[in-house]
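Engineer: Here's the feature list from TrEMBL:
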DOMAIN    7-127  domain 'MTTase N-terminal'
BINDING   Cys16, Cys52, Cys90  [4Fe-4S] cluster 1 binding site
DOMAIN    151-383  domain 'Radical SAM core'
BINDING   Cys165, Cys169, Cys172  [4Fe-4S] cluster 2 binding site
DOMAIN    386-448  domain 'TRAM'
Amino acid sequence: MQRANTKTYFLKTFGCQMNVYDSERMAEALARDGYSQTDDVGNADLVILNTCHIREKAAEKVYSDLGRIRDIKDTRKRDGKETVIAVAGCVAQAEGSEITRRQPAVDLVIGPQSYHRLPELIVRAETKSERIVETEFPGDEKFTAMKAPRRISSPSAFLTVQEGCDKFCTFCVVPYTRGAEFSRPVAKLEAEARELAAAGAKELVLLGQNVNAYHGDAPSGRAVGLAELIRRLADIDGIERIRYMTSHPRDMSDDLIAAHAEVPQLMPFLHLPVQSGSDRMLRAMNRKHRAAEYIDLIARVRAARPDIALSSDFIVGFPGETEEDAEETIALVKAVGFAQAFSFKYSPRPGTPAASLEVQVPEDVKTGRLHRLQALLDEQQGAFNAKTLGSTMPVLFERPGRNPGEFIGRSPYLQLVHAVGDGNFTGRTANVAVTETRRVSLSGVIPAA
Ligand code: SAH
Ligand code: SF4
Ligand code: F3S
């Protein structure tokens, strides 16, 4: 039942895809309550920032945004309009009431495990004008309680299958902001995937902070791993493609590697963060794998799926990192050959073990190492894309491009593709003959059927 409501909300999402998924679920719940979305903060009765705590820059951005939103709230107040400001996501979880101390205009702080309580808490914030901080980790499953129907905004739909992390890498806030590892049951995921497929989704991107550690209960009561979940979801009518992220090298099972060879819907792309090529650094990071193990794992993945596109995350300038350590990372990158990657300067995060290490690396040294690594990764990305020149690949088109007859989508290898064709290809898969490649994208034509 839809509540009578003429209110509008503005929602801004920071951070990873899990936050994007959570924002979609919040938007669906708000729509069910009769809210409509606006892109104009000045027009919003409710402003939600879904925040990220992973690096200092991401977290600080939230406070500068909040300053601007407070000014808007003040202006609206002079016009007789109320504005509820809510901070959700990982900054909410990590900083709790510190947020309302730093920015008293905030009405509601809500952690990622409490979103099912959002509608009720908004009403409380509106009526009682008290500040609410809700950062419990409830035992029940948050999204079971949010019954709004799934919608899609793209033929590629996110589906969170696992949350939280038990790995405790020494640099990382995720185990504190998202809590312990939890896998959603298979039946619930199948039901949600069917809903997404019925809404027009062609691709499922299975999400988890540690997605390949997935071990959800099957209807039989037995726990199944990610490989079996993928096999089951691949059976759903309409689902043409499946991807998953983010994985940890320690949880890359033989079964999952085999799925890459055996399940046609499973796309030839693997995002497998390694962080560093130095065993000394990997140990200090508590990564639980060595560089040689990672390289061996990649060889096994490539044996199963020779054309697979590999992606990773890197941290440069972790405390104590020397030139030799940085060189070992460069050597690992050369040994593997990545199709794309993300690399970051180490950012000390409050409450994590690495933040209190004494041997922090100076900022300019971090910057130099980051540039060197990124130059190599950029070169590899360009080379990977160049290899697809002249080939024909199925592309799932997500939206029209800027030029007439142009559509934008993704190749099986997650490359961004601009293609021209005769017809409307949004939401559909079509073959593309690749005519031009650049570092970050490809161009091509869709041959007439
Ligand atoms: N769950 C994923 C992603 C975690 S966050 C995983 O386990 O890989 C995404 C990336 O952010 C990490 O892979 C890491 O490279 C980076 N990251 C995490 N904490 C960081 C920090 N304190 N400083 C810099 N980069 C960080
Ligand atoms: Fe963070 Fe490590 Fe867990 Fe990834 S595996 S979320 S980097 S603690
Ligand atoms: Fe950021 Fe939280 Fe995701 S810290 S990366 S939004 S899990």
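If you go along the chain as it appears here, the first residue is 1 and each next one adds 1.
Cβ coordinates come from backbone N, Cα and C, glycine included.
From a predicted model like this one, the values you see are computed outputs, not experimental measurements.
Let's see these features in context: how buried, what's close, how far.
Structural biologist: Residue density at Cys52 ([4Fe-4S] cluster 1 binding site): 22 other Cβ atoms are found within 10 A of its Cβ, drawing on all protein chains shown. Under the DSSP three-state reduction, Cys52 ([4Fe-4S] cluster 1 binding site) is assigned to coil, being neither helix nor strand.
Around Cys172 ([4Fe-4S] cluster 2 binding site), the same-chain residues at least 6 positions away in sequence with a Cβ under 8 Å from its Cβ are Ile54, Cys165, Arg349, Thr352. In the three-state DSSP classification, Cys172 ([4Fe-4S] cluster 2 binding site) falls within coil.
Model confidence over the domain 'TRAM' (386-448) is summarised by a mean pLDDT of 97.
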Engineer: Among Cys16, Cys90, Cys165, Cys169, all listed as binding-site residues, which has the most CB atoms within 10 Å of its CB?
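Structural biologist: Comparing the binding-site residues Cys16, Cys90, Cys165, Cys169, the most crowded Cβ belongs to Cys90.
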Engineer: Please count the residues of the domain 'TRAM' (386-448) that DSSP assigns to helix (H, G, I), strand (E, B) and coil.
Structural biologist: 1 helix, 33 strand, 29 coil
Engineer: Taking ligand 1 as the reference, state which of the binding-site residues Cys52, Cys90, Cys169, Cys172 have a Cβ closer than 6 Å to one of its atoms.
Structural biologist: Cys172
Engineer: Treating G and I as helix alongside H, and B as strand alongside E, what does DSSP give for the domain 'MTTase N-terminal' (7-127) in helix, strand and coil?
Structural biologist: 68 helix, 22 strand, 31 coil
Engineer: Which are the residues of the chain, Cys16, Cys52, Cys90 excluded, whose CB is within 8 A of where the CB atoms of the [4Fe-4S] cluster 1 site average out, their centroid?
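Structural biologist: Surrounding the site, in chain order, are Phe14, Gly15, Met18, Asn19, Thr51, His53, Ile54, Ala58, Gly89, Thr177.
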Engineer: With the Cβ atom as the reference point and anything under 6 Å counting, tell me which of the binding-site residues (Cys16, Cys52, Cys165) are near ligand 3.
Structural biologist: Cys16, Cys52
Engineer: Measuring Cα to Cα, how far is Cys169 ([4Fe-4S] cluster 2 binding site) from Cys90 ([4Fe-4S] cluster 1 binding site) in Å?
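Structural biologist: Rounded to a whole number, the Cα-Cα distance is 17 Å.
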